[in-house]
């Protein structure tokens, strides 16, 4: 009987003895794994064994809409309420932006610096909230310290390039400029050592996560804002047209999407539509072309921003370059019937504005898509709740940073030539013997080319 039962069970594909053996084997393996967990927890306390899923979610942002607006718009649907809130706050921000433009280039630089600090704060705060339960030592302190170090490096380079004559008059600044890069490296190295000393058991992996988080945030915010200011020094028009094109694209794409949007554009931003994307593109190109024409008429906008050491002020006075002088262009044959003319007068810069506004419309939105992916990764709606209906400052400037890099690359690749004023400032910093040597070399070169007459010999 037993033999028959064994043979039948074996024929059916199972066996009591092997099954029992396997069951004890699994139990034994589970006990071994539990034992290893205890040993690893006690002996390898320097390892962070927690999963990424253990990371707490970021708390949802609060509604910062003023009560007066809530009461005024209480009878509207949420869709139209958001429309009016966004519209009113957009007009307020644009008005403030025009006021700062009126106050001059220095106030624009302060605005860029303020936006940079706020964007950095919003991104770092998300990281702090996500990993707050781990109580990482020195995380926020070191993050702000690295921000100061990187800003000191970049803005010190700017001072050395554009304020050489101002620095030459002050001995204490000469030391800082001469050893600027060494001082910057020393400051960064101090922060690096502080980070290494802050490493503690069971937090190593997360601490290195946040070290990388801080440096990527610095790359996004500080580097790009530095490029924005570099563009501003080339002339305020190189600052205003790109920034205004991004703002125009954001507004017109929202309007076209709100009224005509039917076809989803990208899964990262479900509310973005092809209708809004295409409508924003044509509107932005037209806006950039017209806005460039208006600004190109004034020296205040087209002249490079320079520092006058005698008046201690930024000045924008120059003879406009060929980019900002009216030229006559032949209209392509297929457009002559549409425009009703064979030639047209326009500024050469208007052609460049088409390239800038095209980038702002087609590639610039990818900065917003990138930000949307980042927010989805941490299950948040906005970076912050600073601006009602708009989210945080970073939500408004996610496309601007990408645009700043393109403008800087565009200027250095297609526009900028040697800058005589910048070269002159560098020459004034040299020692008298070096200046005299440069003078003799330049005089000899110009004489050989026939520009200067050779000295008469008696």
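Backbone N, Cα and C define each Cβ position, glycine as well.
Annotation source TrEMBL lists signal peptide at 1-21.
Residues of the same chain lying 6 or more positions beyond the ends of the transmembrane segment (83-115) and with a Cβ under 8 Å from any Cβ of it are 65, 69, 73, 76, 151, 225, 228-229, 232, 236, 239-240, 247, 251, 254, 258, 305, 314, 316, 387-390, 393, 396-397. TrEMBL lists 83-115 (among others) with the feature transmembrane segment.
Residues or ranges marked as transmembrane segment in TrEMBL: 136-155 (among others).
Per TrEMBL, transmembrane segment is recorded for 175-197 (among others).
Residues annotated as transmembrane segment in TrEMBL: 209-229 (among others).
According to TrEMBL, the feature transmembrane segment maps to 235-261 (among others). Here the transmembrane segment (235-261) has Cβ contacts under 8 Å with residues 83, 86, 90, 94, 101, 105, 108, 228, 271-281, 283-284, 287-288, 291-292, 295-296, 300-305, 316, 324, 349, 353, 356-357, 360-361, 364-365, 399-400, 403-404, 406-407, 411 of the same chain, all six or more residues outside its ends.
Sequence annotations record features per position, and here TrEMBL assigns transmembrane segment to 273-296 (among others). For the transmembrane segment (273-296), same-chain residues at least 6 beyond its ends with a Cβ under 8 Å from one of its own Cβ atoms are 236-237, 240-241, 244-245, 248-250, 252-258, 260-265, 302, 323-324, 346-347, 349-350, 352-354, 356-358, 360-362, 365.
Tertiary neighbourhood of the transmembrane segment (349-371): same-chain residues 237, 241-242, 245-246, 248-249, 253, 266, 268-269, 272, 277, 280-281, 284-285, 287-289, 291-293, 296, 302, 323-324, 383, 394-395, 398-403, 406-407, 410, 414-415, selected by CB-CB distance under 8 Å and a gap of 6+ residues from either end. Among the features that TrEMBL reports, transmembrane segment is placed at 349-371 (among others).
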